[in-house]
Amino acid sequence: MEKWWFNSMLSNEKLEYRCGLSKSTDSPDPIENTSGSEDRVINNTDKNINNWSQIKSSSYSNVDHLFGIRDIRNFISDDTFLVRDRNGVSYFIYFDIENQIFEIDNDQSFLSELESFFYSYRNSSYLNNVNSSYLNNVSKSNHPHYDRYMYDTKYSWNKHINSCINNYILSGSNNYSDSYIYSYICGQSRTRSEHGSSSKQTSTNGSDLKSSNVLYVAQKYRHLWIQCENCYGLNYKKNLKSKINICEQCGYHLKMSSSDRIELSIDPGTWDPVDEDMVSLDPIEFHSGEEPYKERIDFYQRKTGLTEAVQTGTGQLNGIPVAIGVMDFQFMGGSMGSVVGEKITRLIEYATNEFLPLILVCSSGGARMQEGSLSLMQMAKISSALYDYQSNKKLFYVSILTSPTTGGVTASFGMLGDIIIAEPNSYIAFAGKRVIEQTLKKTVPEGSQAAEYLFHKGLFDPIVPRNTLKGVLSELFQLHAFFPLNPKKIK
């Protein structure tokens with residue numbers, strides 16, 4: 001059995017017991033151990049690992065140290081923290097009594113069943129009697145590892161939760177079937193000895209249980225977590241914007257709204273949108289069997305707060321005046337219809353007349369089928385305006401390809417930049433993988449439409465991470481003789 005050792009990484013000020021934590025939850029860095037009088041077990045890693053091997057015969061687990069805190073009443077009400085094992089695998093643990101939530105990330109089946117224990121705990125009289133229980137019981141316990149902050153009234157519940165976490169981690173959850181986790185947490189008659197080879201056992205309803213739990217958790221807790229498309233790790237929603245939508249687990253660049261991208265690139269207080277009131281009038285009166293086109297437009301307008309799939313305007317980037325258009329994939333997949341094409345064309349013409357550098361951020365599924373040939377016309381219209389801007393006026397255009405950039409956008413202005421920048425791991429293609437495979441009856445190699453692969457084929461210039469993009473753009477503009485209005489704004 002592989003042994004594990006926990007280190008607290010992200011915590012809040014309440015988690016100061018034993019570990020001597022000196023950082024707050026605002027810091028993403030690992031918390032250093034600064035206490036000189038730590039608990040003997042915490043201080044000695046080797047001894048601690050030996051204790052893990054004796055967990056079956058011990059009534060006390062080292063996960064108690066994880067929950068050992070100075071004020072459990074504050075902690076248990078609403079708290080989120082992260083623990084990491086010696087191999088670097090991270091686990092989120094989230095408590096919220098008011099909303100009846102107890103979360104442990106990495107196994108949805110484990111999480112779902114563990115919640116039921118938390119609900120019964122929350123509905124008990126613990127919160128009403130916690131102070132008196134503590135005073136009555138703190139002197140009664142003679143347990144050698146008794147923690148005076150873990151009250152006897154619910155110590156058995158706490159011990160059960162700790163035991164669940166212990167066995168979940170020690171089992172190396174990927175090596176054990178869902179039926180094992182399910183039966184253990186639910187207190188079934190089946191014991192661990194009966195699962196000596198549980199990694200090889202299967203359950204008739206195991207896959208159904210896992211699928212239903214994944215769907216249940218994804219729906220119920222989506223207001224708290226965003227799941228990474230690459231590593232499937234969970235990112236705390238409140239912290240994601242400050243991380244510019246980059247996964248904390250693997251560094252994958254998640255999708256961003258157009259408003260967030262504008263906020264990232266444009267100096268505060270300088271954004272001036274144009275053509276905000278331009279909306280589609282359903283030019284070909286397209287109607288599908290499911291939902292009229294006009295109703296779909298109205299739905300996405302309410303959902304995103306935008307009038308169309310692109311925001312255009314002017315602003316300053318490190319003091320340099322620029323014209324910028326940012327597509328939003330959340331609005332009908334960023335599809336390019338007549339309004340999107342018209343707004344981008346007008347922006348290019350304005351930049352041409354004002355001699356401004358131009359940025360277009362692409363995130364689109366291609367031309368909008370609900371507008372037929374009118375949407376296809378936008379490709380030629382935008383390309384024509386760019387020809388005048390680049391070839392006749394000799395101005396500077398930067399296109400930024402984000403995930404996904406496909407279809408008519410790739411075939412027109414997306415690939416016409418003087419400098420073409422791609423975000424890491426972006427999906428960039430003309431036709432999607434499924435369309436190619438269904439049309440040509442051939443398998444598309446995995447990763448052949450990823451930014452890194454296409455970069456080595458010379459399809460675009462640099463791959464620039466989000467956190468350095470603004471600085472790179474600023475240097476490119478100055479290299480092409482576009483300078484800040486106020487030199488002090490150069491970063």
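Glycine too: its Cβ is placed from the backbone N, Cα and C atoms.
Of the listed segments 67-89, 113-135, 228-250, 389-411, Swiss-Prot assigns zinc finger to 228-250. Listed in sequence order, the residues E229, N230, Y232, G233, N235, E248, Q249, G251, Y252 complete the 8 Å Cβ shell around the Zn(2+) site centroid, once C228, C231, C247, C250 themselves are left out. Within 10 Å of the C-beta atom of C231 (Zn(2+) binding site) sit 12 other C-beta atoms, taking all shown protein chains into account. Neighbour counts of Cβ atoms within 10 Å were compared across the binding-site residues C228, C247, C250; the minimum falls on C250.
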